Amino acid sequence: MAAFSAALLILSAVLTTSIAHNISHILSQNPEFSTFNHYLTLTRLASEIDRHNTITVLAVNNAAMDDLIAKDLSIYTVKNILSLHVLVDYFDAKKLHQITNGTALVSTLFQATGSAPGASGLVNITDLRGGKVGFGANDNGGTLPAVYVKSVKEIQYNISVIQISQIIPSVAAEAPTPAPSKQNLTAIMSKHGCKIFADTLFNSSEAYNIFTDNIDGGLTIFCPADDAFKGFLPKFKNLTAAGQIALLEFHGVPIYQSIANLKSNNGVMNTLATDGAEKYDFTVQNDGDEITLKTKLVTAKITNTILDEQPLAIYTISKVLLPEELFKSEAPSASPAPAPEPTPADAPAPQADKKKKKKAADAPSDDNSDTPAESPGDAADDDADDSGAGRFRGIGVLVLALIFGILMV
Ligand SMILES: *[C@@H]1O[C@H](CO)[C@@H](O)[C@H](O)[C@H]1NC(C)=O
Ligand SMILES: *[C@@H]1O[C@H](CO)[C@@H](O)[C@H](O)[C@H]1NC(C)=O
Ligand SMILES: *[C@@H]1O[C@H](CO)[C@@H](O)[C@H](O)[C@H]1NC(C)=O
Ligand SMILES: *[C@@H]1O[C@H](CO)[C@@H](O)[C@H](O)[C@H]1NC(C)=O
Ligand SMILES: *[C@@H]1O[C@H](CO)[C@@H](O)[C@H](O)[C@H]1NC(C)=O
Ligand SMILES: *[C@@H]1O[C@H](CO)[C@@H](O)[C@H](O)[C@H]1NC(C)=O
Ligand SMILES: *[C@@H]1O[C@H](CO)[C@@H](O)[C@H](O)[C@H]1NC(C)=O
């Protein structure tokens, strides 16, 4: 019985860790933050905040938001400004009033985007006389125009929402921001751990142009992290010129897919490489908080959001996506039928015709690697995996506890 309740306790612990905070919900309790809340959703900062633990949101009331809206800035600029109001550290009322040495420079989501020049994405928090706490952008000539008003919500060490008196002015955050379609794809990806994929894409003007031509109509890019793509480069170089373009195009989807869309839509997704009978598709599948992309040869995880602003989304993935059209020899089944759950027992079909053999010979041979675990880019998994591994261990403990509970009965 004791073991059983222990198992239940662990079960509830596992369940609570998978339920993240919901900033939209927290702010919706208080109508004076409705405009701020609305803009967090519009700029998609809300989902970014929900994905972070140990975070502080500096909220302003509707009157302060009206001052910002009156400046008639583009939504991309508003996003930069609001992301300066999300501190990637936990500051509740108590911690704010007891800062070591009375002052601190704190990193923000704006600093994390890479669009903040130098250290302009840092916020200076300083304890002032009379119990006041001042906030200013690091690039704002030493002034601290915003002050602490009150604590809105504290979930200890996970998320704190604090009201401050006004939007923190910042020259860098208020600078005009180009729309995504005018952005330099390779530069954005290079800055965020996808440099090798970005360089390879940039090198192929045909594939690069197809990507950029699709931005305005909606584009989602899944870029393999550097560790994954580096290990894959020898195989990439082995592909024919057409194969290289198809492999790159396979990592783009000609519609805009936000994280929320991906989370709520499991299923097959066509790519930029899809061309009539040449399917070049993969399956999106949610596994708890994790979003995976599956081909018959590989299962990759989305590990990071680089950009999520309609019409363009860019995510990092843990592995290179291998289309079966290019890597037939490695496929567990040569059957073109979309078997949703290929079992490892599915041996390569023996009836491969001449054309298939020719293609198979073109493809890099990685003999009998019919399990996704042997796919290239596997090495990247260990690094890219922290959160998933944590949860997996949690589930392992749960299973052990349940078994233990059953044994005790
Ligand atoms: C904070 O987050 C951690 C990790 O996700 C979780 O274990 C903990 O229960 C959370 N704390 C609260 C008070 O929700
Ligand atoms: C968060 O809360 C908002 C408002 O209460 C709700 O509309 C939304 O569905 C919630 N999001 C999630 C992921 O639960
Ligand atoms: C506080 O100030 C002392 C003396 O100037 C310095 O050595 C120390 O690093 C400071 N601590 C922090 C957290 O800034
Ligand atoms: C924050 O700004 C105040 C006022 O300009 C300044 O005195 C202080 O040194 C700054 N703090 C840090 C950590 O830079
Ligand atoms: C995009 O950035 C890359 C470097 O990351 C640079 O080589 C290239 O010239 C840039 N393209 C444009 C159109 O600015
Ligand atoms: C770019 O293409 C050139 C010539 O095709 C090749 O030598 C070079 O290695 C390529 N660079 C990358 C990063 O793929
Ligand atoms: C490249 O292709 C050749 C011939 O098809 C093959 O022998 C070799 O193992 C391949 N190399 C890699 C790295 O896949």
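Note that Cβ sites are derived from N, Cα and C of the backbone, with glycine treated the same way.
What TrEMBL says about this protein:
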type     : residues : note
SIGNAL   : 1-20     : signal peptide
DOMAIN   : 20-168   : domain 'FAS1'
DOMAIN   : 181-321  : domain 'FAS1'
REGION   : 330-387  : region 'Disordered'
COMPBIAS : 335-347  : compositional bias 'Pro residues'
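Confidence for the domain 'FAS1' (181-321), expressed as mean pLDDT, is 92. As a summary of secondary structure, the domain 'FAS1' (181-321) carries 56 helix, 43 strand, 42 coil according to DSSP.
Secondary structure of the domain 'FAS1' (20-168) per DSSP (helix as H, G, I; strand as E, B; remaining residues coil): 57 helix, 42 strand, 50 coil.
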